[in-house]
Structures are given as C-alpha cells and as structure tokens.
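Taken verbatim from TrEMBL:
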- 5-193: domain 'Fructose-1-6-bisphosphatase class I N-terminal' (DOMAIN)
- 90, 112, 114: Mg(2+) 1 binding site (BINDING)
- 112, 115, 279: Mg(2+) 2 binding site (BINDING)
- 115, 116, 117, 118, 207, 273: substrate binding site (BINDING)
- 197-330: domain 'Fructose-1-6-bisphosphatase class 1 C-terminal' (DOMAIN)
Ligand SMILES: O=P(O)(O)OC[C@H]1O[C@](O)(COP(=O)(O)O)[C@@H](O)[C@@H]1O
Ligand SMILES: [Mg+2]
Ligand SMILES: [Mg+2]
C-alpha cells in the first residue's frame, strides 16, 4: 500500500498483462493533468481562476474560468503524448483530433474537465471525470461518431475529486483503486485497493427541488424512504446532495448509498440531466466494478448505445439492492 501510481501501474502491467503500456502512460498523463487542475483550484481567490469566463458551453451552460482552464490543461497534457487519436469534452462542441504534427495513438479520451463547477466559488468539492475508449479504425474522429461506443467497451475510467484532499479513483475493469495526492512530493499514492460498495444502504442522494417533476416510480421510491420507520421500509433513511456528481459518487464508493438524477418532466425532451459519455458511463463503470449497479431506471447504463456526443441520460447508481429496487418500480 501507499505505492506511487506509476509503480502501481507498472506492476499491473507486469502481473496482469492486461494493461497495455500505452494505456498506462495515458493514465499517467491524465493523473498529471489532474494534479495541475488541483493546484489551480487550490489557489482559490489568491489565483486568477475564480468566477465566470463570460462564455457558454455547447449545452448553453455558463462556463466558469476553471471549466475552461481545466479543459485546456487536459488538452495540452494529452495532445502530444502519442497515445490518443482524439479527445472530447463537455466544454467543446466537437472532438479535438490530435494534430498531424504529433504522433497518433489507439485510444480516445473523453472528459468532464470540471464536474460540479457551480460549487467552485463556495469552496465545495469538485472533480474531473474521464473515460478511455479504443479508437475504431477507419472512422473519422472529427465528427464525434468514433466516440459513440457503449459504456461496456470502456478500457479505463476514473475521476479525480478535489476536496479536503485530492484523490484519483481508477478502474481498468479489474476492480477500483484509490490514490491520494501527497501534496508535498506531488505524487498520487495508492491508499485503497479493490474498493467494494455495501449492497445495502440507508443513505440516498437526489435533488429534492425537482420532486414535482419526477415520474411515478421515483415518487413512490422516495416517498417510501421519507416515510422512515413508520413506512413500508420500516427504517429511517438519511439524505445528502452535494450537487457535484463526483463528490456524491465518491461518498457512495466510500460508504455506500444511492445516487439519482432521474428523468423528470422538466428535462424529458433532452433525455435527462447528466451526460452519458463523460458522466454516466465512467461512473457506472466504476460503480459496477466496485460491486454496485447503475441504470437509467429502465436499462443498464453500460448497455446504452450512444447516439450523440453530448447525449444526456437519467442516472440511478450505487448500492446494488437499492438500485435494483428503484429499477423494479420502473418495471411495475
Ligand atoms: O444543480 P443540480 O440540478 O442539482 O445538478 C447537479 C448535478 O449537475 C452537475 O453539476 C453537472 O456537472 P457540471 O458541473 O460538469 O455541469 C453534476 O455534477 C451534479 O450531480
Ligand atoms: Mg459534470
Ligand atoms: Mg463540467
């Protein structure tokens, strides 16, 4: 335990022989970029990175300066490494193809450079979410079609959470591992191996202000939780909502729980709130690898066939038995 990320990755490559050296190097570069983002965030009001950038992203959301900075850090760090064919991001309308002056690689990287950025000005945890896919041969990555792969084909996924400490949570499809940034020496060190989520929980996360817009199955499920000991569940449930998916998912990976951003009438047209390729898929991969489950209420998230780069989907994930219960209410 406590070994540096680079040594952990080399050992994985040697022992399991499932980790390709280029993928290992790619993850090291992503980890370095996350470290740079952590430093930019850590300066807070002492730096020049707080507040809005004065622009909107492709989804019409106001961009924070740190959304733009984090996006640039990830692009700059990864464009010349030779491991990628293209990158796509929440903050860019179209993918970024690796320029011809740099060597091209066999992977695609897709990311939410700063998740929960509405929390940044009030000093609440935010994060970076990423997913790695294989670049399909013969498909032009410039229009985004290359990225339209089911979540179950991800070769790696993870996130960095910038909280009281910075942690990197990773999976290559063989368990979930947590690395904590040792700030003094600037290295991520392994602090938890093969994380497992308890199958049962008494904690849930949902934005209750949307209650009037929810569909019937979610109304029923949450009403049963809120009824507590006196209700059909016969137990009291606790609620938490950080409004940074990274922070909410990190709590669930650490001690169990249920996270829901379900379909609601307000956002039915756009299909949900959270983005499939760089929020739902990487988080679903991590959650399943830790023994949890992730669905839209109707289907397993990792089985969804993406239809567009910035597609949104409903998300229900976390402790297996609760995810299965909500999902079964959608089938009733
Ligand atoms: O403000 P709401 O509606 O509760 O939404 C919160 C959700 O939106 C998100 O902030 C979206 O992420 P971005 O900050 O990357 O746009 C999630 O992290 C979070 O779970
Ligand atoms: Mg996000
Ligand atoms: Mg974001």
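From the backbone N, Cα and C atoms, a Cβ is placed for every residue, glycine too.
Automatic, uncurated: that is what TrEMBL annotation is.
The structure, with features from TrEMBL marked on it.
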residue: 90; record: Mg(2+) 1 binding site; Cβ contacts under 8 Å, 6 or more apart: 57, 59, 67, 71, 111, 112, 113, 275, 278, 310
residue: 114; record: Mg(2+) 1 binding site; Cβ contacts under 8 Å, 6 or more apart: 37, 64, 66, 67, 70, 71, 120, 126, 127, 128
residue: 115; record: Mg(2+) 2 binding site; Cβ contacts under 8 Å, 6 or more apart: 126, 127, 128, 129, 159, 244, 245, 246, 279
residue: 116; record: substrate binding site; Cβ contacts under 8 Å, 6 or more apart: 124, 125, 126, 127, 242, 243, 244, 245, 246, 247
residue: 117; record: substrate binding site; Cβ contacts under 8 Å, 6 or more apart: 64, 66, 67, 126
residue: 118; record: substrate binding site; Cβ contacts under 8 Å, 6 or more apart: 64, 243
residue: 207; record: substrate binding site; Cβ contacts under 8 Å, 6 or more apart: 241, 243, 261
residue: 273; record: substrate binding site; Cβ contacts under 8 Å, 6 or more apart: 261, 267, 312, 314, 315
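The residues near the Mg(2+) 1 site, meaning same-chain residues not in 90, 112, 114 whose C-beta sits within 8 angstroms of the mean position of the site's C-beta atoms, are 67, 70, 71, 89, 91, 111, 113, 115, 117, 128, 129, 278, 279, in sequence order.
Around residue 112 (Mg(2+) 1 binding site), a 10 Å sphere centred on its CB holds 28 further CB atoms from the protein chains shown. Using DSSP to sort the residues of the domain 'Fructose-1-6-bisphosphatase class 1 C-terminal' (197-330) gives these counts of helix, strand and coil: 62 helix, 23 strand, 49 coil.
Under the three-state DSSP scheme, residue 117 (substrate binding site) falls in the helix class. Under DSSP, residue 112 (Mg(2+) 1 binding site) is assigned to a strand (E or B) in the three-state scheme. Checking the binding-site residues 116, 118, 207, 273, 279 for a CB within less than 6 Å of any atom of ligand 3 leaves no residue at all.
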